[in-house]
Amino acid sequence: MRLDLSKDKINLDALFVKQQKIDFDNGDSLLKIAINMPDINFLDIEIYETSINRLINKTHKYQLSNLKIIQVDAHTKDNNFDSFQLFLSGPWYKKKYHKLRLVQTAFLDLLSKTIIHNGKIHIATDWVRYVTTMMNALKNHLHFKNTQNDPIYSLRPGHRPITKFERRSHRPGHDVLDLIFKNEK
C-alpha cells in the first residue's frame, strides 16, 4: 500500500491497529523483521523510488499487512512510536560532512517527542568514530538512557538481521556495534 500524505501529521492509529516501530533502511532488513514479527507494525521511511517499489512488491509477495512505506519526511504526532531503528546509516566520515550525520542533538530532540516513554532507540554502526559521536549525543541527551552498563554496547539482538552493508563490512577491525537506549522523558 502506498500512502498519499497531505501536510497533516501521519496518524498511525488510522493505519495500524497494533503497536508501531519506525525504521529508515533500504528495506531488506526491515522486511525480514516484519516477516518474523507479524504482530508488530512497521513504518519504513525511504526516499529512493526504486527501493520503495522493490519493497512494495515484496510486501505483496509475502502478503504483509504489518509493513507500510512512505516517501516523505516523517511528520507524526507525539508519543506515536514504541521504537526507532537505524542500522548502518551513512557515517559521513569526512569532517566537512559531519553536519549531515543523522544522530545529533536536534534529531534526538525530535525522537524523544515521537517515541513513547520507555520506548527504545536501536542503532547499529561499524564506524568507531561515528559510534563514539552517537554514544556521546545519546548519553548527553536529557531523555535517553543506555540499556547497558558495562560493556556500554549491546550485542546484536537475534531479531536484528544482518544488513547488506553489515555483510560488506564483516572484516577484521570492522565490528558492528549496537546501541540501545531507552526514552525516559
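Backbone N, Cα and C define each Cβ position, glycine as well.
According to Swiss-Prot:
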type: BINDING; residues: E46, D73; note: S-adenosyl-L-methionine binding site
type: BINDING; residues: K94, D126, T163, K164, F165, E166; note: substrate binding site
Query: Which residues in the same chain, at least 6 apart in sequence, have a Cβ under 8 Å from the Cβ of F165 (substrate binding site)?
result: F87, L88, D126
Query: What span in Å does the substrate site cover, taken as the longest CA to CA distance among K94, D126, T163, K164, F165, E166?
result: 23
Query: Fewest neighbouring Cβ atoms within 10 Å: which of the binding-site residues K94, K164?
result: K94
Task: Pop the Cα-Cα gap between E46 (S-adenosyl-L-methionine binding site) and K94 (substrate binding site) into the table, whole Å please.
output: 24
- prompt: Where does D126 (substrate binding site) sit by DSSP, helix, strand or coil?
  reply: coil
Message: Give me the CA-CA distance between T163 (substrate binding site) and E46 (S-adenosyl-L-methionine binding site), in Å, as a whole number.
response: 16
- prompt: Expressed to the nearest Å, what is the distance separating E166 (substrate binding site) and E46 (S-adenosyl-L-methionine binding site) at their Cα atoms?
  reply: 19
